[in-house]
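Since the structure comes first, as structure tokens, the remarks are kept for the end.
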Amino acid sequence: MSLFTHVLACLFGIGSWVAINGMWVELPLIVPSIPEGWHLPSYLTIIIQMANIGPLFITLMHRFRPGVLDERPVIYTIVTVGVVATFLLAFLWNRTLTFGGGEHSAALLSLSFLLSVVDCTSSVTFLPFMMRLQPRYLTTYFIGEGLSGLVPALVALIQGVGVVHCKNASANVNFSMGNSSWELQAHYQPANFSAQGFFLFLSAMMMVCLGAFLLLNFHPAVAREHKSKGYIDDSQRVEKIDISQSPNSETPEQRPMLDFPEGLVIKRRSSFGKGTCSRIELVFIFVVLAWVNALTNAVLPSVQSYSCLPYGNQAYHLAATLSSVANPVACFIAMFVPIRSLVLMGVLAVTGTGFGAYIMAMAALSPCPLLINHDLGAALIVITWVIFVLTLSYVKVIIGVILRDEGHSALVWCGAVVQLGSMLGALSMFPLVSVYRLFQSGDPCNTKCPK
């Protein structure tokens, strides 16, 4: 029955960000039919940051009223809202209202805000809920969270969203001289099924998430996997733990990160969680967590098209799809190689940042980045995206496993810092991309650069 619980934990994790990730991959099909056009990504960025009111409320409740808020009713509420919002989106996404001197996609923007609240709040509720299960299921949850980006991307790939064909088209025709010139123009392939069908698929995925959560709570086989009927908040724990009193009966959550000789009394190294990490280690962990999530959730995704499209449409799709695969692969590796070394975490974070710097450099050089006229350039940008996501996704799992050992409140703060890092990354990139327009798009069919 352990496999059954792993499957449920994975399906539960998929529901964490599947709705908003689905919105992003569906943009090429939505944008031509709404008045906002390609300004919609900018609006979505702001809407998602406004939705952080949900995580803020949950975090403040845990901070000032510890032990009062049970995340299970919150999860039931937000997942149900996600099911309803995605279902309504299937029928209302292209409806417009006239106000403020023009037409606006009021239903699309309003429902997008609800879905953003759902997904942002999942960061500070889904992870703490996983404390109720055995530690080995946390990595499975992270695999599901990674799949929340891959699954909608694969469905959009089947749908044919954003597939471009370059066709000859006449330009600058001069009838008096009898001359005409020809150039390639990008033509988007019609989708294999509508946006309505895609949003109904997202609604079904949210229903699967809700079903998995119900089974995680009430299925008898899963109940035996629970570590206990409940748990106490870390703020209610004593200052010292004497291992010699119960060396054989303690649960995995009560064990420190390292093994100590029997009879040793372990002093708390900080007032955070169970105190197994010092204050300096905690600052390092949370700074890395915020930095990694800023890069992976906001900074680099905002320039992905600029870094890849100059190398061609195929390179762009390969980079987007394979990097989505890299996330759950990193979590799967972490399941079998659960290293908790802070040194390794720092090395991987620096390595991933280095690959991210190459991606940012290519985006800044767009529409004529390095090696644009060589296949090596396209291969390098795809490989760089894969390694970037792979290394930093593994870092996030390492941090999640370490903070799980610190207890329930540590995972609440983990989710809060994830959202904080993502918000700071998005707010820093928004003016650069959408206001000052420092990045220039490459045309997949007509980019002309010096050789």
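The backbone N, Cα and C atoms fix where each Cβ goes, glycine too.
Per TrEMBL, transmembrane segment is recorded for 42-61 (among others).
For 73-93 (among others), the entry in TrEMBL reads transmembrane segment.
Per TrEMBL, the feature transmembrane segment maps to 105-129 (among others).
Packing against the transmembrane segment (141-164) from elsewhere in the chain are residues 9-18, 21-22, 25-26, 28-29, 126-127, 130, 186-193, 197-198, 201-202, 205, 313, 317, 320-321, 324-325, 327-332, 334-335, 393, 396-397, 400, 444-445: each is 6 or more residues past its ends and has a CB under 8 Å from a CB in it. Positions annotated as transmembrane segment by TrEMBL: 141-164 (among others).
Taken from TrEMBL, the feature transmembrane segment covers 198-218 (among others).
Residues 256-257, 266, 269-270, 342, 345-346, 349, 352-353, 356, 388, 392, 395-396, 399, 402-403, 405-406, 413-414, 417-418, 420-422, 424-425, 428 of the same chain, all 6+ positions outside the transmembrane segment (276-295), place their C-beta atoms under 8 angstroms from a C-beta of that stretch. Residues or ranges marked as transmembrane segment by TrEMBL: 276-295 (among others).
According to TrEMBL, the transmembrane segment annotation covers 315-335 (among others).
Annotation comment: TrEMBL describes 342-365 (among others) as transmembrane segment.
Tertiary neighbourhood of the transmembrane segment (377-403): same-chain residues 127, 135, 138-139, 142, 146, 257, 273, 277, 285, 288-289, 292-293, 295-296, 300, 304, 307-308, 311-312, 314-315, 318-320, 322-327, 329-331, 333-334, 338-342, 344-345, 348-349, 351-352, 355-356, 358-359, 362, 369-371, 410-411, 413-414, selected by CB-CB distance under 8 Å and a gap of 6+ residues from either end. Annotation source TrEMBL lists transmembrane segment at 377-403 (among others).
Beyond the transmembrane segment (410-433), the same-chain residues lying 6 or more positions past its ends with a Cβ under 8 Å from any Cβ of the stretch are 42, 45-46, 48-49, 52, 55-56, 58-59, 62, 120, 123-128, 130-131, 234, 272-273, 286, 289-295, 297-299, 302-303, 399-400, 403-404, 439. Annotation source TrEMBL lists transmembrane segment at 410-433 (among others).
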Cβ contacts under 8 Å made by the transmembrane segment (73-93) with residues that lie 6+ beyond its boundaries: 15, 19, 22, 30, 34, 54, 58, 105, 107-108, 111-112, 114-115, 117-119, 121-122, 125-126, 129, 195-197, 199-200, 202-203, 206-207, 209-210, 213
Intrachain neighbours beyond the transmembrane segment (42-61), with Cβ under 8 angstroms and 6 or more residues off its ends: 20, 23-24, 36, 68-69, 71, 74, 78, 109, 112-113, 116-121, 123-125, 302, 412-413, 415-416, 419, 423, 426-427, 430, 433-434
